[in-house]
């Protein structure tokens, strides 16, 4: 029995320190000593092989076991998850459900995490149901995993509902909820929760600060971000060696457009990782300082850092926004030389860059040569066709995408609707809008309705457009009414323009753009008194329209 415990200790050490060679030798010893059917040692072998990235050997051990317990199943699931195969973990969880073995808190947490990684809300909700039935819902580790799963699947309200009724919260609970709000772009709630957790006696750790700094980046809240930086210093966090926090600080200052402070924090980092390089390079690039961005990019390569797809994709995005086609082509050439040139994220950005620069043939060639395409790849091409007025080509691509078994998401539908609208393809646009409304996976957003209003407005079907706004299940925003009033002006419909104008001014009475749109309706119709009345209101309120400018 002592020998068995000694072997278990060795396997656990190999697992912890990723010692595959020593672990496989120990496996040989297990077989020689006649322990090959020992449940505990087999579980340790599965864990060791999984941690060392050898899932083939972990599966071989699992398949050869005559007896398995919940640890056996969970260890293999964890191995799949650690090796970026969340689908296999969920399939194994389903297979385990057919056995007599019942899941424990670790089994449930692992597969909730897998559901979150894949963004499969249906699976996550089913596992949540199992947690509720078995009483594991309020075990802190499981409850935290449920919150994390809902956040990653874009169901932040469900995550918040569970967080608010949790009988016991630990630091991980707060971190999961703050990270969820930051991920969803609801930065103000993340900051509120950060303050509240400290009021309740919780001490933030590096994960808390990283998520909260991300929230500051989303909001552009440099004052709060600077306060957090000061808090890190007073609490003794070694930012110069804590690469995750340092990268978040650089990103926060860069997003808040304070590149001087971003660069100062960057210079203080002892071991710079690709995240901090990315944040600073893209910060300079997005503010139009391309010489500095490219100089940093050169330094990054000289320091023999692996240039990841995120940096390349981000730079491509900047070149696309500024229509810098020559720089884009140079980066394309660089991409071909490095392994990350095959990264789908980079390939998508390159296609987008060529389309935004008007080089549709180059975009088509690159798109056709991509070894793997995802929904973003197809959406980028459809969007590009739409912006160039190639509505029929966009429709053809949308149909081809579905033949390739790629399901469109809400952004893809928006792209094809917009393409149809810009090309005046009324029947096709109505057909795709009808498909969207009947697709149970996707809820139409206000932007989808705005596309239909734009289409009907361009065609002069103003009453239909207004009826659509009034009957849609979503609350109309200012933008959709602005779309309709623009159509009223084009078609000279003063009565409806006056009606929509009143709605706009009630909804957003401090926006000078709305007054300009309403006054233009009256001016075009020759109603100069009403036009002057609107302009007088603008002067009394002290509103000023930002002057237009051109390159």
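Keep in mind that glycine also has a Cβ here, set from the backbone N, Cα and C atoms.
These features come from TrEMBL:
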REPEAT    69-103  repeat 'PPR'
REPEAT    170-204  repeat 'PPR'
REPEAT    273-307  repeat 'PPR'
REPEAT    343-373  repeat 'PPR'
REPEAT    374-408  repeat 'PPR'
REPEAT    409-444  repeat 'PPR'
Rounded mean pLDDT for the residues that make up the repeat 'PPR' (409-444): 89
Helix, strand and coil totals (DSSP H, G, I; E, B; other) for the repeat 'PPR' (273-307): 26 helix, 0 strand, 9 coil
Composition by DSSP (helix, strand, coil) of residues within the repeat 'PPR' (374-408): 26 helix, 0 strand, 9 coil
